[in-house]
Amino acid sequence: MSISNPSAASEHLVSVSAPAKINLHLEVLGLRSDGFHELAMVMQSIELADQLHFRNTADGSISLRCDDSSLSTAGDNLIVRAAHLLRERSGFSDLGAAIELQKRIPIGAGLAGGSSDGAATLVGLNGLWNLNFSQGQLEGFAAELGSDMPFCLAGGSQLCFGRGERLESLQAMKASMAVVLVKDPSVSVSTPWAYGRCKELFSSRYLSKESDFEQRRQQLRESSWLNPLRADDPPPLRNDLQEVVAPEVSAVQTTLKLLTDLPGSLAVSMSGSGPSCFALFADVASAQAALQLQQPAFAAAGLSSWCCAFRCEGIKLEA
């Protein structure tokens, strides 16, 4: 890795798109020695994204502004944390940035919006500050900041193991696949609560041996997600947190019921720890038609909805 002189850092505006993700498979295998859950997941980027803009500051300050006043822009925000971490690792303490966030991914939705914003910050400032950190180094920084962040950085279709930070790239899903995504804007779910509740309810069925973990990983590697539409059967969506969250969050129950009624959907599931849920479609046209038909029912229930195509790549600097 070669870090350029910060005096050569870019003076122009750098923009980065930070896409949301959905969980096509989320399996809680057991507990790790560090207290986190061991997971086996399939994660997929979708075309619903926040937009971040970065400019250098002459005084070395790092600041964040957002068009959503409900989002904290203080030091606990992953964008700010990522900026400080990258500056620390660069060795140039006088680097600064003014960051603007256009928030489009709903907050607390199980879509990794915060993680994606943090990952986008690593990419954006790596370019703005002319640091030349490699993709592998950025993924290492991302793993320090959050379990979902390495996936958000890499994007596309990935098997995710460990806490979610260990990635194995899948053959890209069919580019035409899409989802109808639905969320109650008045409801959010705490990820730590969801995993804590999962432990309370289902720890008796947790696996404990690494050999058992690896057996489940291998089964997922060999699953039909490698070719999701090669058969007429619906793709095998799974989310172990759904059976934790849905019984206690009525909005998730309502959302899943309305999504199940969509014509042409292949399968329905909750994403992450919720409360966002989605219906999977073979192509964007089918998803758009189904959403148009059901949108009045979603609106009547107070639900926000989107049609999102699958995204085949991760976070990149925009021209």
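Quick reminder: no glycine exception, Cβ is built from N, Cα and C everywhere.
Per Swiss-Prot, the features are as follows:
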ACT_SITE  Lys21  active site
ACT_SITE  Asp148  active site
BINDING   Pro106, Ile107, Gly108, Ala109, Gly110, Leu111, Ala112, Gly113, Gly114, Ser115, Ser116  ATP binding site
Tell me the Cα distance separating Lys21 (active site) from Pro106 (ATP binding site), rounded to the nearest angstrom.
12
So how many other Cβ atoms are close to Gly114 (ATP binding site), meaning within 10 Å of its Cβ?
22
Sorry to bug you, but what's the C-alpha spacing from Ala112 (ATP binding site) to Asp148 (active site), rounded to the closest Å?
7
If you measure between the CA atoms of Gly114 (ATP binding site) and Lys21 (active site) and round to the nearest Å, you get 11
Can you tell me the CA-to-CA distance separating Lys21 (active site) and Ala112 (ATP binding site), as a whole number of Å?
6
Extra residues within 8 Å (Cβ to Cβ centroid of Pro106, Ile107, Gly108, Ala109, Gly110, Leu111, Ala112, Gly113, Gly114, Ser115, Ser116), ATP:
Ala20, Ile105, Gly272
Cβ packing number for Gly108 (ATP binding site), 10 Å threshold:
18
In terms of DSSP three-state secondary structure, what is the assignment for Gly114 (ATP binding site)?
helix
